[in-house]
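Written out below as structure tokens is the structure these notes cover.
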Amino acid sequence: MRSVTLSRFLIEEQRDKNVISPDLRLLIEVVSRACKAISIAIGKGSLAGVLGSAGSDNVQGEVQKKLDVISNEILLDANEWGGHLAGMASEEMELPHAIPNRYPKGEYLLLFDPLDGSSNIDVNVSVGTIFSVLRCPEGMDPNEQAFLQPGTRQVCAGYAVYGPTTLLVLTLGDGVNVFTLDREFGRFVLTQGDVKIPEETREFAINASNSRYWEEPVKRYVDELLAGKDGPRGQDFNMRWVASMVADVHRILSRGGIFMYPIDSKTRAQGGKLRLMYEANPMAMIVEQAGGAATDGRRRILDIQPEKLHQRVPVILGSKREVERITSYHGQ
Ligand code: AHG
Ligand code: MN
Ligand code: MN
Ligand code: MN
């Protein structure tokens, strides 16, 4: 079989289909290279002394792992000088990172969660990188305001999963493609084109230790799943929770399911747990492009007008019918 590398795929998207600009192609190439570097750092683990805590807190109030900081640095360094970006924003940085004056500037804004699932890093469980690309509004400096665009404006979104294999999952708003890192050659190869999430599922993902804090619609929905074939759903459901969003979402992309990090009485004051700009929006775009759905329980995630860079949001995404069901419970 002829193997299509990410580079070839992107060149064809630009040249033959006109789906992306040369600068967006460069951006994705650079991000994929950064993900490769992160994958290598993660793969070395203790041998390179990269595990454990960095001894600092981020703007989210979380203790930073060394690899949170290293991954953030890798993405910044890789993307600073190419001339394709106006600015960057990250889960790990309080303020947007402007491109230094010594480098040319481009029209895109890059947002990322450099290391997703970092609580799993020290126990050797899959982690990832999530990213989202917006256009910088014309004539605007890449300050916080420039980034506050709804997810519908994303021109590209993707994630890397650093698991048994390293994968890059990408959407340009034209379906979802999966690339596998060929470690010997150091390149990503297209291994699954136009992925679609199965509409029906018997699997769900939620951190059930929060159940006493949930709202009524979430309790009802999960109770019905747990009742299995004796309940209103008339069938048994299986539960999975990796606690790395990338791994949970990737499982859903592969075999269907629903992922929920709903608002609860513990996270209400901050608006939810997951971050709209670095986690919810890119994942919602990918899931919708794969035929699934993503809401905050009430609204489509991609329609939310962000008010703050580090805004948090409840997230319910995955197989369409299940997302529609629990979303309708919220309306009742
Ligand atoms: P991050 O490591 O980037 O801070 O994200 C962690 C997120 C997400 O990946 C995961 O779904 C969720 O936090 C897990 O939360 P719990 O530990 O509360 O289950
Ligand atoms: Mn974090
Ligand atoms: Mn995350
Ligand atoms: Mn993170």
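Just so it is clear, glycine is given a Cβ too, placed from its N, Cα and C backbone atoms.
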Note = Listed alongside ASP113, LEU115 for Mg(2+) 1 in TrEMBL, from GLU91, GLU92, GLU94, is GLU91
Query = TrEMBL has ASP113, ASP116 binding Mg(2+) 2. Which one of GLU279, GLU288, GLU307 is in the same site?
reply = GLU279
Task = Would you identify which residue of LYS36, LYS44, LYS229, LYS273 TrEMBL lists as part of the substrate site it also attributes to ASP116, GLY117, SER118, SER119, ASN207?
result = LYS273
Task = Tell me whether ASP116 (Mg(2+) 2 binding site) sits in a helix, a strand or coil according to DSSP.
result = strand
Remark   = For GLU91 (Mg(2+) 1 binding site), the same-chain residues 6+ apart in sequence with C-beta under 8 angstroms from its C-beta are ASN58, GLN60, PHE112, ASP113, PRO114, ARG275, TYR278, GLU279, HIS310
Query = Which binding-site residues out of ASP113, LEU115, SER119, ASN207, LYS273 lie by ligand 3, going by a Cβ under 6 Å?
reply = ASP113
Ask   = Where ligand 1 binds, which of the binding-site residues GLY117, SER118, GLU279 are close by, with Cβ under 6 Å?
value = GLY117, SER118
Ask   = Where DSSP helix means H, G or I and strand means E or B, what are the helix, strand and coil counts for the domain 'Fructose-1-6-bisphosphatase class 1 C-terminal' (197-330)?
value = 62 helix, 24 strand, 48 coil
Ask   = Within 8 Å of the centroid of the Cβ atoms of ASP116, GLY117, SER118, SER119, ASN207, LYS273, which other residues of that chain place their own Cβ, given that this set defines the recorded substrate site?
value = ASN120, ALA243, SER244, MET245
Key: Extent of the substrate binding site in Å [max Cα distance among ASP116, GLY117, SER118, SER119, ASN207, LYS273]   = 16
